[in-house]
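Chemist: Below is the structure I would like to discuss, written out as structure tokens.
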Amino acid sequence: MLSATAHSQLCRLRPVPALKPRPLTAAAAAASSPLADQSPPSTPPPRPSPPRSQILTLRRSLLARETTAVQLAESYLARLRLVEPRLNSFLHVSDSVLREAQAVDDRIGRGEDVGPLAGVLVGVKDNICTADMPSTGGSRILEDYRPPFDATAVRKVRELGGIVVGKTNLDEFGMGSTTEGSAYKVTANPWDISRVPGGSSGGSAAAVSARQCMVALGSDTGGSVRQPSSFCGVVGLKPTYGRVSRYGLMAYASSLDVIGCFGSSVADTAILLNAISGHDRYDATSSKREVPDFISQFTASNTLEDKPLEGMRVGLIRETLGSGVDSGVVSVINAAASHLEELGCIVKEVSLPSFSLGLPAYYILASSESSSNLSRYDGVRYGSQAVADELSSLYGVSRAEGFGSEVKRRILMGTYALSAGYYDAYYKRAQQVRTIIQKSFKAALDENDVLISPAAPSAAYKIGEKKNDPLAMYAGDIMTVNVNLAGLPALVLPSGFVDGGPSGLPVGLQMIGAAFDEEKLLKVGHIFEQTLRGHRFVPPIIEDDNTC
Amino acid sequence: MALLLCRGIRMYPPLLNYAAFLRRKSHVFYCAMSTTEAQTATQGSQSTPIKISPHRKEKGLDDVLKDYEAIIGIETHVQLSTLTKAFCSCPYHYGSQPNTNICPVCMGLPGALPVLNSKVIECAVKLGLALNCKLNIKSKFDRKQYFYPDLPKGYQISQFDVPVAYGGHIDLDLPVEFGGGHRRFGITRVHMEEDAGKLLHSGNGRVPLLEIVSEPDMRNGIEAAEYAAELQRLVRYLGVGNGNMQEGSLRCDVNISVRPIGQVKFGTKVEIKNLNSFSSVNRAIDFEIVRQALLLSEGQDDQIVQETRLWEEGSQKTVTMRKKEGLSDYRYFPEPDLPGVILTKDYVDSICNCLPELPEVKRRRYEKMGLSMQDILFLANDVNVAEFFDATIAKGADVKLAANWIMGDIAAYMKNEKLSIDDIKLTPQELAELIASIKGGTISGKIGKEILFELMAKGGTVKGMIEEKDLVQIADPAEIEKMVDKVLLDNPKQLEQYRGGKTKLQGYFAGQVMKASKGKANPGLLNKILLEKLNAKS
């Protein structure tokens, strides 16, 4: 149950408490999507086998010369093009994928060493800078903007042989939970194209889910990697704040932003995290902590003991299963808790009384920082510039035309919260709440190895359902924002389904670890994933595609 | 009248020599007064003319000013020239898109992040310690937000409520020509920030700054100018910046208000910008004091508004730049892109131990050595001159003689040739040698001077030059006697006149002997022998 304050908080922020998505009829699906006639069959065959690492499989077959990077890239690009008209995951697709794949093949042909990501096709959220492609942040104000540099995470991916397949759609500057906030297009959920993929990294989640790329980079300020992972049935990892350099990530809320990873398996997610982690002299907030080899601790599924997680202490956060949370989601999380118990974990409920305070604190802090971070988009040096007679109207018109409504709303809220006379009541108080939340998580993680909760109060909802109700959309972030406020790592794992769409809608389990303990999260997540029985990991949109 | 003007400005602190103060004021205020006259003469063209009633004119400016006092505080921005970049670390591998030769960080490009160069903190700690400040062991950066074309990010990284250093003071000695006297002015704080006023296309990135805010302890132009000069001295002694005012490496914004003496409440504060030299600081302030005092005395208090005024060097007056409409809300909040600055005791100690001897300590040491304040200020004002002097006396040179040489012939030569003391070829070692050679009688003072100019222009050693030119003084009485005898023999007519009572001719004989010796004869010995000979047969 939610505490009294939590409950009132939720009610205040979300006037419409019914979060359970309406059952989707065929007619509704057809009505809500012009592409409904291209929908996959409504009763696909189940795919019960646990996901294999696409990256390791590729590497094995490349090194054994069973396949080439070019062949693989061609098959992914073919699928990308096939489903893209229905999904709209990408804002830009690279035109050099095959050329880069050929370079990988050439190196292998010459017997040279290739990096651990050789030939791996990586989607990159469009708020992460890439030197050879546009980077718009999903905003009109950066239309056609081409950065002169690669973000550190992108540079590292490329240095290890990865190929950036394209730039994925997002809510403008990462502000939103549905990807409907993009200035360019609305991305659909591969499990039901009448539904949102979540956000703000909805394009990356959808692209990985529909196997348009192998892995993808996203960013997570308040849940923007984890919630879309849950909605799209993929693995999503929000690393500890400071684990991955933010250099080249267009800042939304600098003290909360992290670049995160999407994969179709825990192993792929871990390999991508390995690639992008570590200190960066261009980001003063990046950590100098050593980066462990995240997958070296993985146990092959065929060698698992009876109770591979014996003694692991798991805390189920009580406040995340109360009213306002879809009953189907609660069932999935309870089943996941039972599954963890079967694996040997000791699962106990833990209470984080400050949990419900996270949402208002998050929206004040994130808006405040965004109001500052977005002031550089003034139309003076880059991006779209309005025609104006004098300076202040140049600023005004460029910004009025360049920003979408959600971005403007947050700039206004943030400017208000930082204004003289309001600072103490809003910004300062929210910082105090943040400290309380950090302490309560620390205490809970001293008692437990990991904490679990849903990644979102519901599965994916319909496109347009919350578009005009920002408070309802904000309320959907209740499960994730606390983790950003505390700066902790969290992993979202596909763990079950609720009714809806042609074949059910995925629900993710959120697993929260201590700061810089991604290794444990990934190890536990890998075992959880490999022992999950009867779970479908491939969405209906590509189910008849035998190549994935 | 100029002499009387100064009485209106109360002295602070009151420990100085009053007569000296008057002398100083008479000098300084001469400028201020003449500009005032210029202003009243052109008041027709001013939007808010200062009307001086006939009665007031009769009474004179001095009578007006004596009833008012000025409260002056200064904000100084010091550019740290030892670094080119404060908050960026430009990657050197850019793509091929436009603007690629400019660092993403200084351009404020999307995704760029500031990174603090640790040298900035080192400079801040050095200056903080030199200003006798307390250090905040934990400080942080904040964002100061406003839109301006020169501000690519829409905010300036600065320090708001927790500056790196606070609560210090600066000691200085006013120049003797302005009356002298020791002053101590409070330092409110020292903080780090990026330079928001630099144009972007320099490509040098955001230059790091230290901002030093003084307490409102100054009372007139010369005090303010000397405060700024002492700050420049510290910056140069510490090596944290070049402190060049013309280039804007050291910028002073002056806050000034005037109130009737005895009134507790401060007058309306006016800020003056565009001060490119210490003398403009001095003159702008004194102009502003007169302007405000006149308005107050005329009951036109409402004409003094909170505003920023510019000092116009050409017309020697301040003009309105922009009026402030209430307080700007900069919406400060902690900079999330930079971690807090934590100073460990070891770090501070290591910097403390490496601080050079600071100007104030040097001046007090020179004072103990018996030098006059004029000498002290000349030597200590320039860190290079001070080092040269210290090195010279370290080689055993006489303190007063070394000071005289440096302040006299060496300074004159530097001035003529437009050289700094580091540019001249003379070494402290050789100056000490030169002084010793003259004192020991090896060479005469006159020869010494000649050698000095050669040493400054060409270098070399004193010994080498003496040997090379055969300049050793002739101090052998027998040799001088020979020369004297020859001169007397060659000038029988003059000798006769001398002995006839025309004793003035002694100088003529001395000159002839010196000429014969090619200037090398010891003058004392020469005169003694000459006199003996001249008077011997009389």
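All positions are counted from 1 along the displayed chain.
The backbone N, Cα and C atoms fix where each Cβ goes, glycine too.
TrEMBL annotations: computationally assigned, not manually curated.
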Chemist: According to TrEMBL, which of these ranges is region 'Disordered': A:22-53, A:150-181?
Modeler: A:22-53
Chemist: When DSSP is mapped onto helix/strand/coil, what comes out for A:Ser224 (active site, acyl-ester intermediate)?
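Modeler: Looking at the DSSP assignment, A:Ser224 (active site, acyl-ester intermediate) belongs to neither helix nor strand, so coil.
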Chemist: A:Ser224 (active site, acyl-ester intermediate) to A:Ser200 (active site, charge relay system): how many Å between their Cα atoms?
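Modeler: Answer for this pair: 5 Å between alpha carbons.
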Chemist: For A:Ser200 (active site, charge relay system), which DSSP three-state class applies?
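Modeler: Once the DSSP labels are grouped into three classes, A:Ser200 (active site, charge relay system) ends up as coil.
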Chemist: Test of understanding: give the count of other CB atoms lying within 10 angstroms of the CB of A:Ser200 (active site, charge relay system).
Modeler: 35
Chemist: How far is it from A:Ser200 (active site, charge relay system) to A:Lys125 (active site, charge relay system), counting Cα to Cα, in Å?
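Modeler: Rounded to a whole number, the Cα-Cα distance is 9 Å.
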Chemist: Within its own chain, what residues at least 6 apart in sequence put their Cβ under 8 Å from the Cβ of A:Lys125 (active site, charge relay system), listed in sequence order?
Modeler: A:Lys167, A:Thr168, A:Leu170, A:Ser201, A:Gly203, A:Ser204, A:Ala216, A:Leu217, A:Gly218, A:Ser219
